[in-house]
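Feature annotations, courtesy of Swiss-Prot:
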BINDING   Asn235, Met264, Tyr293, His329, Ser349, Arg350, Gly351, Asp390, Gly391, Leu392, Arg393, Glu429, Tyr456  substrate binding site
BINDING   His433, His497  Zn(2+) binding site
BINDING   Cys577, Cys580, Cys585  [4Fe-4S] cluster binding site
Amino acid sequence: MAKTNLSVDAADLTSRITRTPFPGSRKIYIEGSRPDIRVPFREVTLTDTLVAEGSETRREANPPLRLFDSSGVYTDPAASIDITRGLSPLRGAWINERQDTEALPGISSAYGRERLNDPALSALRMAHAPVPRRAKAGANVSQMHYARQGIITPEMEYIAIRENLVRAQLAERLATERVPKTGHSFGASIPKDITAEFVRDEVARGRAVIPNNINHPETEPMIIGRNFLIKVNANIGNSAVTSSIEEEVDKLAWSIRWGADTVMDLSTGENIHETREWILRNSPVPIGTVPIYQALEKVNGKAEDLTWEIFRDTLIEQAEQGVDYFTIHAGVRLAYVPLTANRLTGIVSRGGSIMAKWCLSHHKESFLYEHFEEICEIMKAYDVCFSLGDGLRPGSIADANDEAQFAELHTLGELTQIAWKHDVQVMIEGPGHVPLQLVKENVEKQLEACFEAPFYTLGPLITDISPGYDHISSAMGAANIGWYGTAMLCYVTPKEHLGLPNRDDVKQGLIAYKIAAHAGDLAKGYPGAQMWDNAVSKARFEFRWEDQFRLAIDPDTAMAYHDETLPKENAKVAHFCSMCGPKFCSMKISQEVREFARLNPSTTTLAKAPGVIPIQQVSSGFEEKAEEFRKGGNEIYS
């Protein structure tokens, strides 16, 4: 087992993190109703379109494109970042203004105090960890509670601005661009304009969640719900084999650079508590965990030795650090375990298998299920969101949509109602491995059983033959399930089922899933989603190569692939690429056809659409070619 050095190399950590903006992009901020609501976007600068008019060429300006940006200050060159101190508490003033929380005199968790008082760990700890806060006696500090009181919080206004994708930009572009394709939302209620009131209403109904622990004020508020943009989660975390705090913080920054909307810390190695603190203090996105993993470490990996008291202490420990959502497998009940006996791959969820083993060892109902109301009391005191785990999810397409999976799903619906009674936010985790023809049924059953609580799925993988390429097979399932109504997709990397992902694997998984999420947004008709596609297509047709690179979901790779065969700078203004060459480029030929039609007008056309070749011109062209053929001796091959 690899041992962690009992220190953190701050210089190494700072040097690891990629800070440069994307090519041709800059960070901009849109201000809300108050100066401290500053919503980030990535603005892509575009070059002019060159329009030939006879012997003259005029320029048409292309307005910049603004994109959703979850990368935080890490892509803002103007920001000052000190990893050892963490990010600025963006939401600190908002939390204090509500006057319903209080600073604690110390850490409540027994394990947290034990770690704090261990002098051997002093070099691992963050020197500037904040004092934890908790709801005042009798108070509920969840965003759902505020929403149900009719209160629009600054977080809700922030989210509305963010989700709107700068609608003014949409109106300007629609005046000059093609009308977006009509989507099919399968019953979702996506408005043309996202308002703060709409955000409040969706959270109050339980159809959306805002994961924002009061002890994680560094977060830039975001929302998860099927009436909003589809979000993507990335998993990071140490293991018994690798356990560097520096590596995990770097993976966090790397993940959000490539579009992770939330990050789960699934650490199972050493110094989980300290690793999580560094991640939280430097994360502008919500952080989720699976608390049972750390609880298991506290009993030396013996599931049968777990107790409610140990688990409860772990929840409080992590809530006071600032974890925004907990995956809790409370739906794995004793009676459901035998339902997995005839499965091809049994129980594949780590959390699910831990709880199944505990239930069988004691022949008792799960302590997570039995103590669920007490868990709700903890969650609402810190505003931690439930991510109710699918511990009985299928681990192969042979086991998809079986009795065990759906029995647990109905229990998750029951638990959702209990959580909502406490005004605690809930999302529901889903599979897994599901063949394409069964994907839609998963969403339909989840919406019904769990009362439209947001669905959060791992993939699903739609085939089991793709080790090494599971990010591709699962992204296919993810695009479909996102279209049908899933609110957040948990990424899969090329290393799924094979090993712990490295930095490049994280990027590959995120790119695949950001494409899947965007495809889902297009399919369900999310307003403004198609602007990005139109901008890429226009740049491609006009041979604005630099703009194509800038607008690509992965600019670095797009440019690198182009330059492999056409590396010279003049190739970036050429009207062809290496695929077809200069004589067979369809877009170049299409432009020539348009220009030919413009210079040879006729009153008789095949259609009235702009750019269609006049019919007389087509006929004369046919005659010319026929005459050439006759003069050539009527030979097909010469």
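Backbone N, Cα and C define each Cβ position, glycine as well.
Known features from Swiss-Prot, placed on the structure.
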residue: Asn235; record: substrate binding site; DSSP class: strand
residue: Tyr293; record: substrate binding site; DSSP class: helix
residue: Ser349; record: substrate binding site; DSSP class: coil
residue: Gly391; record: substrate binding site; DSSP class: coil
residue: His433; record: Zn(2+) binding site; DSSP class: strand
residue: Tyr456; record: substrate binding site; DSSP class: strand
residue: His497; record: Zn(2+) binding site; DSSP class: coil
Cα within 10 Å of His433 (Zn(2+) binding site) - qualifying binding-site residues among Asn235, Tyr293, Ser349, Gly391, Arg393, Tyr456: Arg393
Among Asn235, Met264, Tyr293, His329, Ser349, Arg350, Gly351, Asp390, Gly391, Leu392, Arg393, Glu429, Tyr456, listed as contacts of substrate, what is the widest Cα spread in Å, to the nearest whole number? 20
Distance between Arg393 (substrate binding site) and His497 (Zn(2+) binding site) at the Cα atoms, whole Å? 15
CB neighbours of His433 (Zn(2+) binding site) within 10 A? 26
Going by C-beta under 8 A and a gap of 6 or more residues, the same-chain neighbours of Ser349 (substrate binding site) are His329, Gly389, Asp390, Gly391, Leu392, Arg393
Any idea what the Cα distance is from His497 (Zn(2+) binding site) over to Tyr293 (substrate binding site), rounded to a whole Å? 18
Within a 10 Å radius of its Cβ, which of these binding-site residues (Tyr293, Tyr456) has the fewest neighbouring Cβ atoms? Tyr293
Looking only at Cβ atoms, how many others are within 10 Å of the one on Arg393 (substrate binding site)? 27
Would you mind ranking the binding-site residues Gly351, Gly391 by how many other Cβ atoms sit within 10 Å of each Cβ and giving me the lowest? Gly351
Cβ packing number for Asn235 (substrate binding site), 10 Å threshold: 21
